[in-house]
Amino acid sequence: MLPAETESYTPNKWALILEGLTNAQRLKLWPLIDQSLEGAILYEMRDDARQQLLSVLTSEELEDAVKSSSDNEVVEILTALPQKLVAKLINKLSPQSQSNVESSLSYDEEQVGRYANSDVYTVKHNTSIEDALDEIRQSDLTDYSGNYIVLDDESHYVGEVSINDLLNAEGVTLVQAIAEKSDDNILDTLSLMEASNLIKNSNRPTLPILTDAGKFVGEFSMGDALSIFQHHYEAQVAHMGQVSDEDLFAPIFTSARRRALWLGINLITAFLASAVIGIFDKVLIEVVALAVLMPIVASMGGITGSQTLTLTIRGLATGQLNTANYRALRDKELSVAAVNAVVWAVIVAAMTIFWFDNYLLSVILSVAMVVNMLVAALSGIIIPMVLDKNGIDPALAGSVILTTVTDVVGFFVFLGSATIIFMS
């Protein structure tokens with residue numbers, strides 16, 4: 001038996017508790033949780049933790065969870081399951097839910113149509129006000145404060161009406177006569193982030209999701225958008241360590257396999273930078289000061305690039321940056337990098353002269369710093385734009401590529417210039 005206080009726990013609270021347990025502990029707790037909450041709990045859990053739990057639940061437990069779920073929750077649950085099991089579980093749903101779920105699953109995982117809320121209140125366009133009010137009274141919707149979606153006979157979006165609109169209109173009037181069509185709507189094939197940015201800028205609590213032909217798919221709410229933003233920025237933080245949405249208690253070999261890929265990529269980039277250094281081993285032996293100053297060039301380029309990279313990724317995530325304005329941002333970031341590069345190059349040159357009493361070395365270091373900082377700023381714009389265009393998360397791969405570019409360019413320019421001057 002669970003303590004009495006757990007009766008007031010929300011699905012979100014249960015999700016957090018389950019995420020903090022091992023799979024074995026989750027299995028012991030799961031049968032004790034109120035069955036009516038199971039679908040909502042699974043919906044609230046993070047992807048990897050949900051998948052880990054679903055992988056150990058029995059078919060009967062999965063059926064119980066699906067039966068207690070809303071259509072949106074069912075879609076989220078089925079996404080993590082094998083196709084054969086998905087078909088079996090869909091057959092356990094009511095005909096209407098089957099239709100809604102199959103429609104949602106026809107979209108890609110990143111398309112907003114997949115997550116459209118179809119549990120909304122609709123009214124036929126050719127219904128009279130009097131008949132519409134009768135339907136509302138009979139269905140106990142009189143306390144509903146949102147708008148009713150007006151559809152034609154083929155489910156095309158006609159507009160929206162509120163309960164006040166209906167109460168203030170004459171009974172014989174058709175609903176379509178008072179329906180207000182919103183200019184703000186969301187195309188069903190848009191990405192979740194694009195849809196979230198649209199509703200954020202619309203100042204409306206919900207927006208209709210429509211097909212190209214204008215058919216109503218469902219609604220997307222501000223609450224949905226907030227969840228998307230939260231998940232996105234959590235993922236940004238997680239991607240800094242290349243652990244993504246990993247379950248805290250995922251199996252050891254699963255976690256090791258995922259992280260091994262990025263460790264391997266980092267190792268390759270490290271070898272690449274080392275190979276560049278190896279090309280200039282003779283000048284390093286002759287001028288030991290170069291080895292002391294090398295990290296400065298790479299570090300200044302890395303910081304400059306990461307600042308621009310962060311700004312670019314944020315712009316892409318919020319929809320502020322696109323192909324129409326990226327050139328303006330590129331020019332601005334190059335200008336900022338140029339100003340900082342010149343200022344710090346002068347400072348570093350003075351410090352080098354004071355430290356090593358070598359004017360040529362100070363010039364080489366300054367030039368290499370300026371070149372590397374400019375290349376870093378340019379890379380900080382181009383890399384995330386290219387990755388995003390090719391469907392790769394720039395937060396996940398951008399920093400690895402940027403570090404490689406700044407290290408290789410910085411070392412090559414610095415040591416290459418030193419070789420030309422000191423070894424000729």
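Glycine is treated like the rest: Cβ placed from N, Cα and C.
All TrEMBL annotations are machine predictions without curation.
Across the domain 'CBS' (116-180), the model assigns an average pLDDT of 86. Look at TrEMBL and you will find 116-180 tagged as domain 'CBS'.
As annotated by TrEMBL, transmembrane segment applies to 260-280 (among others). Long-range contacts of the transmembrane segment (260-280) within the same chain: residues 242, 294, 400, 403-404, 407-408, 411-412, 415-416, 418-419, each at least 6 residues beyond the stretch ends and with a Cβ under 8 Å from a Cβ of the stretch.
The transmembrane segment annotation in TrEMBL covers 292-313 (among others). Sequence-distant contacts of the transmembrane segment (292-313), counting only residues of its own chain at least 6 positions beyond either end whose CB sits under 8 Å from a CB of the stretch, comprise 236, 277, 321, 329, 333, 337, 340-341, 344, 348, 352, 361, 365, 368-369, 372-373, 375-377, 379-381, 383-385, 394-395, 398-399, 402-403, 405-407, 409-411, 413-415.
Summarising the annotation, TrEMBL assigns transmembrane segment to 334-356 (among others).
Annotation comment: TrEMBL describes 362-387 (among others) as transmembrane segment.
The transmembrane segment annotation in TrEMBL covers 399-423 (among others).
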Residues from the same chain, set at least six apart from the ends of the transmembrane segment (362-387), whose C-beta lies under 8 A from its own: 293, 296-298, 300-302, 304-309, 311-313, 316, 326, 329-330, 333-334, 336-338, 340-342, 344-346, 348-350, 352-353, 356, 393-394, 397-398, 401-402, 405-406, 409-410, 413-414, 417-418, 421
Tally of DSSP helical, extended and coil residues in the domain 'CBS' (116-180): 20 helix, 17 strand, 28 coil
